[in-house]
Amino acid sequence: MALPRAAAFEEAEIMTQNHTPTTPAASVSQSAGSATQLRRRGPRPVPPGVEYHRVLQSDKRRIGRGILAIVLLLVGLFGFGGIIGYVGGQIDLHVLGRHNVIAGGTEFTPIMQLGNALSIAILIPWSMFIQRWLYGVKGSSLNSVASTLRPAIIGRAVMIVFPVWAVYMAIFTAVSPYQLADWAISDLILLFVITVVVTPYQAAGEEYGLRGLVFRVAGSWGRGPRTSLVLGITVSAIVFAAIHLSTDIWLNAYYLALAVGWAFITWRTGGLETSIVMHAANNTLAFLLSLTMHTDPVSGGDRSAGVGSAVFLLPIALIAIFSAVIWIRTRKTGPARTPALEQSGFAS
């Protein structure tokens, strides 16, 4: 005898909770359960008890979808950069009477720096959108395994990373060649504000895109935890180095080391907080030192072959030390994981 519709749905839920098919009505309840799943609205729940880079894991590798996600990320990176750079160039040229580097000129202007930072910061919502659209997983899960930025981890990272990074940047600058430039006082003030306020978001944009989306996408291509980790770190590191468009071997080694270290730290801590703080410290302190010393940012941005040297072993060693410390601190607990079943949204 067929069950009434309401009874079928009720039995389907009971059987889902007990995980035991007990009556011949199993086929009816399974059908009802499928109907319930089809009617689900909103994002797919974050899977319980998995490491950060395995959140997008499924029974299929979905390599084509992953490649599309990475391509869309790069289209956003260079597309937003091109549009905002063009608008900034027109403002500089027609409103302020200046010809910045992006527009084909020779000046490094506050408008240019602001546009560059904002175009990369946009990767934060863009990465979340791509993950939600292609994988059905809520964008906020890119923050961490807890789907939110964890204040305690951020605070601890800021207190430790910024002082150490300041000392490193001072030593690195002291032993590196640089050219001086004439700066207008108004430019120095505006660039100081832009650097302090916007540059951390620029750094975060790269982290959400590379250590967030790409790390997860490539990690979903592997079957086992180790394969997933190796794929996630390798692919995200290669993409990170490639987008910097450098032909210098030392610079590329530096970019790869940063990318591998930050992906490793993201895996162990279960979120982007620490890598965001490190990236923000690196970029913010570098720009502030440039302003303090009146160095030429145009020549400093040269990434052609021959500009690098063995001095880049210093940041490579630093990121290796930070990674080792975090490994030691998390050795007993293992990498952080998403909440257990009853907290994840999978339980009814």
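Heads up, the Cβ atoms here are built off N, Cα and C, so glycines get one too.
The compositional bias 'Polar residues' annotation in TrEMBL covers 18-37.
TrEMBL lists 190-284 with the feature domain 'CAAX prenyl protease 2/Lysostaphin resistance protein A-like'.
The annotation region 'Disordered' is assigned in TrEMBL to 18-49.
The transmembrane segment annotation in TrEMBL covers 67-88 (among others). Long-range contacts of the transmembrane segment (67-88) within its own chain (CB-CB distance under 8 A, at least 6 residues past either end) are made by residues 100, 102-103, 111-112, 114-116, 118-120, 122-123, 126-127, 130-131, 134-135, 209, 213-214, 217, 235, 239, 243.
Remote same-chain residues near the transmembrane segment (108-130) are listed as 69, 72-73, 76-77, 80-81, 83-85, 87-89, 91-92, 96, 98, 100-102, 139-140, 142, 181, 187, 190-191, 194-195, 198-199, 201-202, 204-206, 208-209, 212-213, 296-298 (criterion: CB distance under 8 Å, separation of at least six residues from the stretch ends). Marked as transmembrane segment by TrEMBL: 108-130 (among others).
What TrEMBL records for 151-171 (among others) is transmembrane segment.
Residues or ranges marked as transmembrane segment by TrEMBL: 183-203 (among others).
Beyond the transmembrane segment (224-243), the same-chain residues lying 6 or more positions past its ends with a Cβ under 8 Å from any Cβ of the stretch are 51, 53-54, 57, 70, 74, 77, 206, 210-211, 214-218, 252, 255-256, 258-260, 263-264, 267. The feature transmembrane segment is assigned by TrEMBL to 224-243 (among others).
Residues annotated as transmembrane segment in TrEMBL: 249-267 (among others).
Same-chain neighbours of the transmembrane segment (274-293): 153-154, 157-158, 161-162, 165-166, 169-170, 173, 178, 180, 183, 188, 191-192, 195-196, 199-200, 202-204, 206-207, 211, 258, 262-263, 265-266, 300, 315, 319, 322, 326, counting only residues six or more beyond its ends whose CB sits under 8 Å from a CB of the stretch. The transmembrane segment annotation in TrEMBL covers 274-293 (among others).
Among the features that TrEMBL reports, transmembrane segment is placed at 305-328 (among others).
Residues belonging to the domain 'CAAX prenyl protease 2/Lysostaphin resistance protein A-like' (190-284) score a mean pLDDT of 97 in the model. Counting residues of the domain 'CAAX prenyl protease 2/Lysostaphin resistance protein A-like' (190-284) by DSSP class, helix then strand then coil, yields 81 helix, 1 strand, 13 coil.
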